[in-house]
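Under the heading coiled coil, TrEMBL lists 250-277. Feature annotation from TrEMBL assigns domain 'Major facilitator superfamily (MFS) profile' to 61-494. For 57-86, 98-114, 126-144, 156-174, 180-202, 214-237, 343-365, 372-396, 402-428, 440-460, 466-490, the entry in TrEMBL reads transmembrane segment.
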Amino acid sequence: MGLVGVQENGNVEMGLSSLPLGSKNKYRRMNSELREDNDDASHKQRQEDRSNGTRKYVLACAVFASLNSVLLGYDVGVMSGAIIFIQEDLKITEVQEEVLVGILSIVSLFGSLAAGRTSDAIGRKWTMALAAVIFQIGAVIMTLSPSFKVLMIGRLLAGIGIGFGVMIAPVYIAEISPTIARGSLTSFPEVFINFGILLGYVSNYAFSGLPAHISWRIMLAVGILPSVFIGFALFVIPESPRWLVIQNRVEEARSVLQKTNDNEKEVEERLAEIQLAAGTADVENHEEKAVWRELLSPSPSVCRMLVTGFGIQCFQQITGIDATVYYSPEIFKDAGVEGNTNLLAATVAVGVTKTAFILVAIFLIDKLGRKPLLYVSTIGMTICLFSLGLSLSLLGQGQFGIALSILSVCGNVAFFSVGIGPICWVLTSEIFPLRLRSQAAALGAVGNRVCSGLVAMSFLSVSHAISVAGVFFIFSAVSALAVLFVYTCVPETKGKSLEQIELLFNDKHEWQVSEVEMGDAENLVQKEQGSEVEMGDAENLVQKE
């Protein structure tokens, strides 16, 4: 008895060895299950850590790529106030004022056109760097200019730099973003444009108390700062994986995709899709037409893409957003606001509204989709532009008229920022096939900049001819046409890969009438395949029986 007791209490191994075999196996199974649970938990933790790291990395890339857009926004915002002091200092005429304001948009189209070919040659990343350098040179010349002629030279260079940046940023972001977040991330350039506009308005207000010959120079000089940060960004952001595939640098492209996607299987799927779209996959090696030949004599599907991309870019501008932003002091003056400080303070309210509502678009664009937001945007803009025309024409310069005018302008920029402002760039960066994407997006940016320039360079002249109210009635009618354009020509692209979107345009009926989600179609195919397998298994079972 005592010996047994010693064995039981003093020697654990001997005690365990005396247990039945089934009991020992039970303990082994429990230990094995514990190890498996621990392995599962650690795997999930590693996957979650990788997912968080991937999201932060992609977000950082989108932010840095969007810095060029701050330059455009800042220029638009600051020029609305700086022009008051430039006119006072350099004694320029009203025509010169219109040319100075509008020429940047016209010249930027040359930058956008050149950016397509340049980005295909040297890459998306270094095209953004080139844009920043050109703008910096232009901004320095404008800051130090002693005359209107020298100021125009700096303005021309700044316009070319902005044209490069505006075109390439959305393309780059769309090409590095995972499908699920592409809409939100690709709208970042528009967010930064709005942030730049707000900075420009704040700069106007902050430096408005300085002497006229100093204030506008400081206002323009501040615009150099964002381009300095772009130099640091080049050490953080990678090259576009889709451009790398075009250059047959497939392993580098895979490395980038591994950093921007948290699922290894998705990385390989995306890489295969890109290779196929680029025409470099082994299964599809054929000669493509020259890009510009294909754009000038497009197939029916490419033609539909061009109508959608070019059309949405033009409607973004001919609804008058740049007139509202550039000439907001003139509009508020016509409404009855007096004094430069009060005028510039009112424009700050416009900038805050525009920036705040672009954040709403970022949260909703991948949840609600592109098309619902475009409907809300264009319908809301139509109402606000019409009410602005009414307040300026019927209510005079009383307190109620001033309040309604400011409210209408703020409402217009709010609806613009919620929809057509960011979505215009999202669509043009995602609807074109890879072989055409950079140059087709450049063509859309050209349409955008030409319309912007025409509106900015003609607003004062036309408003003198038919009144400021009359101009906004015209903008309201154009915005109503934009609603019809969205209904007939814009498909829903939410949740689809860039390569799937290309297939949407092969059959216009597919997205105009049914708009069946490709994901649903794929699931249906998988279910049919699964049911075929099950039926095959059932037949085999019957045969065996």
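Just so you know, glycine gets a Cβ as well, placed from its N, Cα and C.
Panel annotation: around the transmembrane segment (343-365), residues 77, 80-81, 183-184, 187-188, 190-191, 194-195, 197-198, 200-202, 204-205, 208, 324-325, 328-329, 332-333, 337, 373, 406, 409-410, 413-419, 421-423, 426, 494 of the same chain, lying at least six beyond its termini, place a Cβ under 8 Å from a Cβ of the stretch. Contacts between the transmembrane segment (180-202) and the transmembrane segment (126-144): absent, as fewer than 3 C-beta pairs lie under 8 angstroms at sequence separation of six or more. Contact between the transmembrane segment (214-237) and the transmembrane segment (402-428) does not hold: fewer than three of their C-beta pairs are under 8 Å, each pair 6 or more apart in sequence. Contact between the transmembrane segment (98-114) and the transmembrane segment (372-396) does not hold: fewer than three of their C-beta pairs are under 8 Å, each pair 6 or more apart in sequence. Long-range neighbours of the transmembrane segment (440-460) within the same chain, counting only residues 6 or more positions beyond its ends whose Cβ lies under 8 Å from a Cβ of the stretch, are 94, 97-99, 101-106, 108-109, 112-113, 115-116, 163, 166-167, 170-171, 295, 305-306, 309-310, 312-314, 316-318, 320, 322-323, 326-327, 330, 424, 428-429, 432, 471. Within its own chain, the transmembrane segment (126-144) is flanked in space by residues 65, 67-68, 71, 111, 115, 118-119, 150-151, 153-165, 168-169, 172, 217, 220-221, 223-224, 227-228, 230-231, 233-234, which lie at least six positions past its ends and keep a Cβ under 8 Å from the stretch.
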